[in-house]
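Peer 1: I grabbed these lines from TrEMBL:
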- 23-138: domain 'Response regulatory' (DOMAIN)
- Asp73: 4-aspartylphosphate (MOD_RES)
- 181-225: domain 'PAS' (DOMAIN)
- 229-282: domain 'PAC' (DOMAIN)
- 318-363: domain 'PAS' (DOMAIN)
- 405-457: domain 'PAC' (DOMAIN)
- 459-503: coiled coil (COILED)
- 493-568: domain 'PAS' (DOMAIN)
- 570-621: domain 'PAC' (DOMAIN)
- 645-677: domain 'PAS' (DOMAIN)
- 695-746: domain 'PAC' (DOMAIN)
- 771-964: domain 'Histidine kinase' (DOMAIN)
Amino acid sequence: MFYYFSPPFSIGTTVHTVTNPDHILYVDDEEALLDIGRAFLERTGGIAVDVTTSPIEALRMILSGRYAAVVSDYQMPEMDGIALLKRVREAGSRVPFIIFTGRGREEVAIEALNNGADFYIQKGGNPTAQFAELANAVRQLSGRRKAEIALHRSEEMLYRAQSLAHLGSWEFYHRTGDLIWSDESYRIFGLDREEPLTYDGFLAAVHPDDRALVDTAYRSSIADGKDGYEVEHRLLRSDSGEVRYVLERCEHYRNGAGEVVRSVGMVHDITGRKLAELERVERHAELQAAYEQLAAVEEELRSSFDDLAKNQQRLLESERKLADIIDFLPDATFVIDTSGRVIAWNRAIEEMLGVPKAGMLGKGDYAYAVPLYGEARPVLIDYVLRSDGASSGPYQAMVRKGEILEGETYLPRPDGSQSVIMIRASPLYDREGRRVGAIETIRDISRQKQVDAELLRRHEELQGTYEQLAAAEEELRSSFDDLAESQHRLQASEERYRRISESISDVVYSCVLESSGDYTIDWIAGAVREITGYTGEEILSMRCWKEIVYPDDLAVFEREISRLSPGMSSLFELRIVSRDGSIRWLRISADCSDSGSRGVRLYGGWQDVTDQKGAEEALRETAAKMESIFRAAPTGIGMVVNRVFTEVNGRLCDIVGYTREELIGQPVRLLYQDDAEYESFLQEMHAQIREVGTCTREIRSRRKDGAIIGILLSITPLDPASLSRGLTFTAQDITERKALEQEIEYHAVELARQTNSLAVVNRKLNLMSSITRHDILNQLTILLGNLSFAEEAVQEPEVSKYLTRVQGAADRIRRQIEFTRDYTDLGIKSPEWQRVTDAIQSASPQGLPVENEAGDLVIYADPMLSTVFANLMDNTLRHGESTTRTRVWYRPEENGDLTLVWEDNGVGVPAGEKERIFHRGVGKNTGLGLFLIREILGITGISIAETGEFGTGARFEMLVPSGAYRVLE
């Protein structure tokens, strides 16, 4: 078998000259095998072979660059073939490398190819054919290598030339629309090499203003029968947006009918030259424009100077008018700019505060506040300028109306009194809407405040007189209405009482003691019908309400009622018989009083407690059941309050060896070996209860007889928020379980030790077996090679017959060794889920079709599943005789299993051989293939049987257990 791999050629690879004949290096630790190999290869002609048994020496020889190819064994003492390959590739050498080894496992081939091997050939076949295949591989790889080197040189020279000249090339195939560009063309246009390129894509890269020019040049050259065209245009790079100038030339190639089939062109980046030309033109134009502009600017400056002088005069006049308006305002007014400096101080404020304008203009740092408040601090005008809406400070009842603030405060007078002033402040803006300052006006409203106060006093006096008159009138009217109001309140009170009585869920009653000794109800209200089933009128019509008392409870009625005398009360429970015959429990309250002429009376209520009685009964039954469970439970159960036993069951007593009386009232510490262990347990218990609400721990406890036992405690607090309310716990004696766990742990450690020992022995045996197989296969290759030479040299038929027998024996030895290799791998790796289709594809050779209906079926099997299908295919090819196709399908079984079927249209298997073919040694070849299949499948419980009909083909049915397969969706 062989695997072929062709790595891509990379620019930058070191190039070595190789002369004919092809000079190769053959590396193997068997000198005899080297001699046989060199003889076979050199006799084919055109190949010269150097040999070495040392991989380290081989590395030095390879890196000298002398060899067209390297052939290396896999398993060698100093360094295996894969390691040598890695060292060669790490050193930068791309020399073709062939792995030639007796190791036939698929993973070795995959590892070789993954690490850069070009060819993989397995030893052990016919030496003549094998070395012929090797020679052919050497020639192919050497020829390909020479072609790659030459191509690389040519491509590199072209790439460098185009890059230096900024000259790109392209080809366009008209029938297919394929457009091929060189690397330099992509660089000039700034396009991504990964994007598919078309003629429309090329036009899109041309500057929008030049696309029509370029398209017309291309199309008219074809329509007019020209041999090509030349056009200079701009392009717009998509990667940077940069505009570039290019010169483009094209030649057309036509077929016999005159149709253009291919266009070849070049594109030259002339941006540097073009920009230099444009720059010269632009500089000339700029100088001319600058001269003309200079003359215009001079005239414009002269005109602007005149306008500026006029505007400045108008501004001075406007400011003077504004200052006069502010100065003659009747209210005290001043203005500040945004920096807080005073820019206006009118006459009214001079008179109010006695501070002249000259002494205040231009001042800042709240100087305007000193005459007002005796200190420099923010005033209302400053709050207007603040954007944060600061508080009003000392101002009373400050209000904001848009951007205007208003407030009142007190101003001290020279005579010691205070005047009330009202202040308004607002911001000032210029014509562009920029805030330039603020204005504040101050008005003395003391007189207005005095007038307001006098008016308020007079209003209050008039209001008092009016209220006195109204009170006298009301008193007269009240005397007249008292009686009517009293009657109305009485009626309302009775109505409220009736409504309350009807809305309650209980019954209230009043009854009188008759001369007969009966208590007759004369008033009843509430849920009478709901509780008794009778209406209130029906109860009132009864001679005595004990008529509805359950007969068994009449004694209770008589006892509780007859003992009452005025001033006494009673609360008791009894049963009644409702109208529908059901029994209901009532809780009855009765208060006895002497109403004089109305006689002795009872007042009270009935409360229906039937549901409560039922719940209490159910609770008693549950408590009784829980008590039975508590006493009979096979697990120790107890309760602890404040670290003292308050309740324990019999099983707990059995576990710890104490009686119930000995444990109740004793501290929990009694069962622990020492204080330290007990305190440690308490800390762990509290932490676990805080985290999860319960605690489960294993502890060591001391029985009454002094024996130490293991106990598994499960603790639950009655109230997780307060452990002092008590804990309940269960206790299991795990002494025997712990002893068993220790014994199991000991045996597990011992088993692991023995397993490791067996694994070491197994690795040694596998290594020895692998080395032995490798060495035997090498010797077989030498033997078969020399037999091949001997058959060519010997002319005597009798001797040739013996040599043929020897060759057959050697072939059988080789097949036996290959079987031991496969059988050694059996069961080494853990089973895994595998897609049946993938296993079939990796095992099916070309030439024999497989109708694969397995789809997405996945089964749990040994990693050697592909070997199963490879051997089934080998069996079909060897024994099917007339086989032209195979089929793989599956069917689910009723019991949940699945049958996977491999069948062919060959001759089939005779009835008497269907089971024997799976025995070791039975068959026309090695007799090991089907035996190995059954072993591989049996690892995961899959069975196999041959169920075909002899003469119509073989059928192998593999029964996959339920749970060991699935179909992917």
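For all residues, glycine too, the Cβ spot is worked out from N, Cα and C.
What TrEMBL says about a protein is an automatic prediction, not a curated fact.
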Peer 1: If you average per-residue pLDDT over the domain 'PAS' (181-225), what number do you get?
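Peer 2: Within the domain 'PAS' (181-225), the model's average pLDDT equals 86.
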Peer 1: Tally the residues of the domain 'PAS' (318-363) by DSSP class, grouping H, G and I as helix, E and B as strand, and everything else as coil.
Peer 2: 20 helix, 10 strand, 16 coil
Peer 1: At a C-beta cut-off of under 8 Å, are there same-chain residues at least 6 beyond the domain 'PAS' (645-677) that contact it? List them, or none.
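Peer 2: Residues 630-631, 633-639, 699-705, 707-709, 711, 726, 731, 733.
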Peer 1: Give residue numbers and ranges for long-range contacts of the domain 'PAS' (181-225): same chain, 6 or more residues beyond its ends, CB-CB under 8 A.
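Peer 2: Distant contacts of the domain 'PAS' (181-225): 158-159, 162-163, 166-170, 172, 231, 233-240, 242-244, 246, 248, 250, 252, 258, 260, 267, 269.
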Peer 1: For the domain 'PAS' (181-225), how many residues does DSSP put in helix, in strand and in coil?
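Peer 2: Secondary-structure breakdown of the domain 'PAS' (181-225): 30 helix, 2 strand, 13 coil.
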